[in-house]
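The active site, proton donor annotation in TrEMBL covers 138, 371. The feature active site is assigned by TrEMBL to 278, 392. Here TrEMBL flags 482 as Ca(2+) binding site. Annotated signal peptide per TrEMBL: 1-45, in sequence order.
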């Protein structure tokens, strides 16, 4: 295959970014937060004014282009940018990782020219028949997710970003890549190895230890691929991996951090919502929301209830022994910051508000969230002093503003943006912060900065202005992957009407029921129990008194 490390000075992908008009708007909404449409209040209140929100949105857009253009001019087609030295580095597989990870952000910003140029370049130049051993987890969420999201946008007129010359090249690449990941799943437990060689399969000396997140964060991408190709093997291996993890949960319904994929024995029994476990919780809920598979809902319900009982020390979360529930680590780590956003998707907003405020207080103390913050000493944890441009706090800020329309979340977004601009901006992009107390910069910029961090910031302020983008309005509703990639709830993906559930006094079961709305793609609920206060939603997934019917494509009520 052609080398991906050389630069092509004649490629139009190397030209400076041109600003484009915004594309046809689409809506993003999860069925679990339908009731937020009923919340009173304007999109922007007393804090950030509409005019300021517009300026902040444009500033975030400029932030994206500063970093993206820096990558394209100084690092492309290497994987990632070194923004201090203005050089590139191959960090994953050597196939233009940052470009692939950024494609749907380009589409979100309405930059059709650069989106089309990026899709065309990837389709012509990226190959996976290479002798590289890669992380199954990172390759799935960054590369496979990026390819699938861009394919679904580029192939559909309804997105406003249809590329006329596009002929499913990214889908073909997705199939090839996923097939090269499949050997990792050949284990007695069904839980995949952590790494796989794209040319030769699993290395002989590959570790048999993997993380819970590594085995539990495949369902969205592999499930979407199966539904686009009518090849069930991808979805099935991802589901078997989740089953393999959940079958080995403790009697407390907690899962540990690391597991032996051959014996099924837990090698690290610390249970938490952060490092090594986080997106396991995220994907069992989102797989239900996207695919309507009640097995995922059941797992999420049981896992969430256990987490709230054993891990939640309001407003913080700790790590405990998965078997005894005894505290082992009173630590906030930055990956936990996704949790309030997930709670919004689950309709459990009140604790999300309190936890988000606690997490943001750490940001306010240092200007960033360190990788670890010791709750016992209220100090940065030794060895965990960095902030690698993570998006999780910003992601939760977006979802809480979407659910509550409370101006405080725009103020949070403004503060986060100011920190990034003041301390992380560097000559060719944005730098990791190696120490949140000194704000010393590190010469690295992860691809997720453009895939997630900037994306959620821009969505936050755009929502305040009055959204006009491919996420917030239109014929599709989107689920965000853990890498922030946009996965639409199209009939082809959700399998309309095949997964309907009833919720009532006895939990959930399959069946039929009376109709409140006329559409088969429905979300039905007792309106008397939808809103408990201006800043909270009814607990849609866990209500035991009201009758709720949910279909997997039941995203019919818009936020306004």
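Every residue number used here counts from 1 along the chain in the order it is shown.
Cβ atoms here come from the backbone N, Cα and C positions, even for glycine.
Given the structure is predicted, the values throughout are model-derived calculations rather than measurements.
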Between residue 392 (active site) and the residue listed as 'Ca(2+) binding site': CA-CA distance (Å): 10
Between residue 278 (active site) and residue 138 (active site, proton donor), the C-alpha gap once rounded to whole angstrom: 14
Residue 138 (active site, proton donor) versus residue 371 (active site, proton donor) - Cα distance in angstrom: 19
Integer Å distance between the CA atoms belonging to residue 138 (active site, proton donor) and residue 392 (active site): 16
Nonlocal residues around residue 138 (active site, proton donor), in sequence order (Cβ under 8 Å, 6 or more apart): 92
